[in-house]
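If you look up TrEMBL, you'll see 24-44, 64-82, 94-113, 181-203, 209-234, 317-338, 358-378, 399-419, 439-457, 469-491, 516-536 marked as transmembrane segment.
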Amino acid sequence: MAVGGFVDWRGNPIDRKVHGGVRAAWFMFFLSVATNMVNIPNMLNLVMYLDGTMHMGVSSSATTVTNFFGATSGFALLGAFLSDSYITRSRTILLFGPLEFLGIGLLALQAYLPSLHPPPCNTEAELSNCEEVHGLNSVILHVGLYAWAFSEGCIRVCTPSLGADQFDHEDPSESRQQSSFFNWFTFGISLGGFIGLILIVWLENYKGWDIGLGVCALLTLLGLLVVAAGLPFYRNQVPEGSPLTRILQVLVVAFRNRKYKLPKKLEEAQENSNGPDSIEVPCHTDSLKFLDKASINHGEDGAWSVCSTMKVEETKVVLRMLPLFISSMVGYISNPLLLTFTVQQGSMTNTRLGKIHISPATLFVIPITFQMLMLAIYDRFLVPFMRKRTGYVCGITHLQRVGLGFASMIVASVVAAVVERKRKEAAVQMSLFWLAPQFFLLGVSDVTSFVGLLEFFNSEAPRGMKSIGTALFWCELGLASWMGTFLVQLVNKATRRGHQGGWLEGTTLNNSHLDLFYWVVAIVGLLGFLNYLYWAKKYVYRHNPRMVTPSVDQDSP
């Protein structure tokens, strides 16, 4: 009843009846809901805190939030390295979770104590008297933000992988449950965002940022306590060395053996990883043949002298995904920019619905609700419908799904540009609900491109590199955010004229040119989309995405 390669939290072999399964995965689902109750509303509303309370200005506030999101995603690569190489995924979550609690708690303390943030003032009427956060207070702000980003990045890469570890993909029943887990995990992200956008945003805007951030810290702590309670039930994959190290070994050995000729049959290195309990070995492929030279055994032993076919094929998989990693990263640049600037657009509109005052960030409840409904409809109705007509197991391929998301981002950028121009020209204050179309399109892009990229990197990565595949996904989102920051700075520099600031350097959106910037974002998105289509058409899937047996419908979640 044991499952090879997995142990319990004490390092003992696991029992399938006791460890893993749906019961263990529900702890990860709860953590997904709890953490996204914290992260999603703050990702959207934090720009208002930095601009309104810390007086950092429009461009600087948006850049800081974009950098925060980028750092969170980038640190996911470090979490994957640690969990694969040295410690289990459950220990990684419990090790770095308290740091996230402390980081958010530090921000809550800064918001509570008047001496740790600038005095309040009206940036519209008293611009020259508004003091921007600086000195020690600025250090406290950034320490809290990046402690939060560092720990959250390490946790988020481990959560879906640990949940998937609770199911044996070689067992037909558990394999179906594993597919269902990813659907529920994505649903949990949306559910947490839905609750957070109502509760957390309301607390931060109407009860104070100190209370809102304090509740966020308590939610993080609650999620960690629930994960800790599930320790006796988890299947923990034994760390087998970093995938980054294995990739580097193949590249180094292949370079050293570059002058050797490939024999017809390569002699396998005798490594423990090729034993009966090893992870799956990818089939030999004819692409990137120069890497096969890493498997040439010319009498020297050691991991840095000869590599197994498993290591070589794993490296090939990663290198084949790199063009799509880069092209989809460029295509994703517009998403974080649209998210942050749309919230600032909303702050300049009429946010009242009768007697109810609606926060701009709360409007994201619309795409979040759409995401939850769409995920259920997509899995239960659209996939079977499209499967019968296309022959693909998932209805459409992962890359086609991502392409639909990128196309919706381009349309959202154009719509945002038109709406912003109308807002600036309007004689009376525009209603907040004029922004609903671009919110809706952003929801479409998340349902398609976000989930499609996560599924693509997870399904195409070999079993021994699932964590690095998930990390590549989050790292891509982070790099896209940083490239968005660079685009903002580049546009400001290019449009600066003498003492007149750039398009996004105005104190408010009323004296900025956000509408023109949106057109730049649309053009960049279109170029990125065309580049993505080129590489997506050339990509050959590791597994055939079409149905191979008539029982696929029964095995689908």
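Yeah, the Cβs are placed from backbone N, Cα and C, and that goes for glycine too.
Because the structure is a prediction, the values reported are computed rather than measured.
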When counting C-beta pairs under 8 angstroms to the transmembrane segment (209-234), the leading stretch of 181-203, 439-457, 516-536 is 181-203
Please tell me whether the transmembrane segment (439-457) and the transmembrane segment (358-378) touch - that is, whether there are at least 3 C-beta pairs under 8 Å between them, with each pair 6 or more apart in sequence. yes
Per the Cβ filter (under 8 Å) with a sequence gap of at least 6 from its ends, the transmembrane segment (94-113) is approached by 38, 49, 53, 79, 87, 137, 140-141, 143-148, 150-152, 154-155, 208-210, 213-214, 216-217, 220-221, 223-224, 227-228
Most Cβ pairs under 8 Å to the transmembrane segment (64-82), of 24-44, 181-203, 317-338, 358-378, 469-491, goes to 469-491
If you count CB pairs under 8 A between the transmembrane segment (516-536) and each of 181-203, 358-378, 399-419, 469-491, the winner is 399-419
* Should the transmembrane segment (469-491) and the transmembrane segment (181-203) be scored as in contact, given a threshold of at least 3 Cβ pairs under 8 Å and pairs 6 or more apart? -> no
If one takes Cβ-Cβ under 8 Å and requires six or more residues beyond its ends, the residues near the transmembrane segment (181-203) are 25, 28-30, 32-42, 44-45, 159-160, 163-164, 166-167, 211-212, 215-216, 359, 361-362, 364-365, 368-369, 371-372, 375-376, 379, 451, 454-455, 458, 557
For the transmembrane segment (317-338), the candidate among 24-44, 358-378, 399-419 having the most Cβ pairs under 8 Å is 399-419
